[in-house]
Amino acid sequence: MNSPVTANVFGTIGAVLWSLQLLPQIWKNWRRHDSGSLSAIFFLSWAIAGVPLGVYNIVDDFNIALQVQPNILILLSLFTWSQCKHYGEGWGLKKIAVAFAAIALALGGVETGLVFALRLARSRGYKWPLTLMAIIAALLLAGGVLRHYVDMFRTGSDAGMSLKFAILDASGDVASLLSVVFQLHLSILGLVIYGSELAIWLGLIGIVLYFRTANRKKSKDNDNTARV
């Protein structure tokens, strides 16, 4: 719709929401000193997904907020991954710190290198590498969330998922979608990335609510049976 100011506003809102999205989950894990049934692979795949998403947003000249957004996702996802390793698998803090730093530096180096390489490729008329980045980003983001679908159905519970985390992520996707819509040029691939992510999160929210309602009803029925 060609409104850079509006695109920046929504992009900033999306970046803020994505900055806050994992904080409820991080707080929940820390308060319980337990990561529940959360999958470390889920959060590691998200951290990795931030690389192609960041490359795509930067090379395709998205607004600054959307360029920063994936890197926030990388850091917070790695932090949550570290909690899963610490609480769930008993990793020591020293081992976690070394692993966190090594992965963060590796992902940052790969992203920087790809940005320069894809800018050069685009200047020479090659568009497929950028399309490939968008596809990889969408698949990794979706794959991470879909893995949590599997965990929830396997355990028959919400698997420790923070509903606030899911709602914040979905809200961030809505704001990011609007930011893409109002940019100088409409990015169809950008719409696909954030749109597919939004659809998957809405489904996840529905499943979390279903399991919580079902488990609450089951507990109530058990209480009534015990009284009888």
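One is the number of the first residue shown, and numbering goes on along the chain from there.
Each Cβ is built from the backbone N, Cα and C atoms, and glycine gets one as well.
Now, the feature entries from TrEMBL:
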TRANSMEM  6-26  transmembrane segment
TRANSMEM  38-58  transmembrane segment
TRANSMEM  64-84  transmembrane segment
TRANSMEM  96-118  transmembrane segment
TRANSMEM  130-150  transmembrane segment
TRANSMEM  188-211  transmembrane segment
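Within its own chain, the transmembrane segment (6-26) is flanked in space by residues 38, 62-66, 68-69, 72-73, 76-77, 79-80, 83, 161-162, 164-165, 168-169, 171-176, 178-184, which lie at least six positions past its ends and keep a Cβ under 8 Å from the stretch. Across 38-58, 64-84, 188-211, the stretch most heavily in contact with the transmembrane segment (96-118), judged by Cβ pairs under 8 Å, is 38-58. Through the fold, the transmembrane segment (64-84) approaches residues 8, 11-12, 14-15, 18-19, 21-23, 25-26, 29-30, 35, 38-40, 43-44, 46-47, 49-51, 53-54, 57-58, 91, 96, 99-100, 103-104, 107-108, 111, 176, 179-180 of its own chain, all at least 6 residues removed from its boundaries and within a Cβ separation under 8 Å.
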